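Asks: A single structure is presented below for examination.
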Amino acid sequence: MGPSFLAHYRSYARKLLPPGGSMILSTVADIGLMLHLFLLGVQIDVTMLKKAGRSAMLIGTIGFALAIVLGGLALVTLANVIKLDDKLLRSLPVIVAVNSISSFPVTTSLLADLNILNSEMGRLASFTSMVGDLCSYFVTTVMAKVTIAIRTSQWGLLWSLFWIAVYLLAIVFLLRPLILLVANRIPEGTPIKESHFIFILVILFACGFCAEVLGQHSGVGSFILGMVVPDGPPFGESLVYKLEAISTGLLLPAKFVITGLIVNLSSIKSSSAAIVELIIISGYIGKFLGTLATSYYCSVPLGDAVCLSLVMCCKGVIDISVYIILVGEGVYK
């Protein structure tokens, strides 16, 4: 449907999706992604962070760091050997950082599908991906802001990192107590009132708006807000029940459709694609070897260590969403 095939013909493209319709669909799709990330955050048990032991923290940190190191070494080597396009060269450091992500929601969904979420290896994988997620979000955010500042020569943009930190702290220390106060007033066994549901939606869209003002995607604020919402019944469970069908089943697919509509495969240069592939493969090797070696050092059986390393290399909807967000922010060209 995109410019790679059918939309290459202008008459078809105008009939399929006129300019005004494209903007409406894009807005609806962004709302779907924001709601989906919010629900993923709601379903995360943040108390798991306190349970993450030394092994999980070490495995997650080393796996993330080695993925960054090997990906960075591949980037430096290729930059010295091959004359890279300036636009590609500015985008590659962020690709290295994003490729090192082991998304916690993606990992837990995969483990649940494999029916090993509650196994010893499943719990270790969950803790490890959570640690890696925290590291990767920090590094990716910083690198994205630095990349944009270098590209535009507007160093004042780096001040936004301070306000992003203030924004996240406000969600945790101001909104979380307020939401818990509302949740504690709901009797057990009863669904949440419509007024409570509207209250959460208002806060959700306000957080998304503030994130956009700070130069972040609205999904960042919605995901963090979801994490501070109580995940169990009646509050979190009712929110998932009310929003999951419309967000995940209806609106989220529209996000990937609108993304596919702007992808032009014919614009991809074979040389640039090969360079990106080499850097991504180097990052995967670093992630796999870092996780494997550290797991074995932490007395994890070799078979479980190999499985854990493979799980940490898996990608999913969150990773696609991150790339979509960064393309929209102009980090990738």
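The backbone N, Cα and C atoms fix where each Cβ goes, and this holds for glycine too.
Per TrEMBL, the features are:
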DOMAIN    16-332  domain 'Cation/H+ exchanger transmembrane'
TRANSMEM  20-44  transmembrane segment
TRANSMEM  56-82  transmembrane segment
TRANSMEM  94-112  transmembrane segment
TRANSMEM  156-175  transmembrane segment
TRANSMEM  196-225  transmembrane segment
TRANSMEM  245-263  transmembrane segment
TRANSMEM  275-297  transmembrane segment
TRANSMEM  309-332  transmembrane segment
Asks: Do any residues, 6 or more residues outside the transmembrane segment (94-112), come within under 8 Å Cβ-to-Cβ of it, and if so which ones?
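Replies: Sequence-distant neighbours of the transmembrane segment (94-112): 40, 43-44, 60, 63-64, 67-68, 71-72, 75, 122, 125-126, 128-130, 132-133, 136, 139-140, 143-144, 147, 276, 279-280, 283-284, 286-287, 311-319, 322-323, 326, 331-332.
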Asks: For the transmembrane segment (156-175), what are the same-chain contacts with Cβ under 8 Å, counting residues 6+ beyond its ends?
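Replies: Same-chain contacts beyond the flanks: 141-142, 145-146, 148-149, 203, 207, 210-211, 214-216, 221, 224-225, 228.
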Asks: Let me check one thing: do the transmembrane segment (275-297) and the transmembrane segment (20-44) come into contact, meaning three or more Cβ pairs under 8 Å with sequence separation of at least 6?
Replies: no
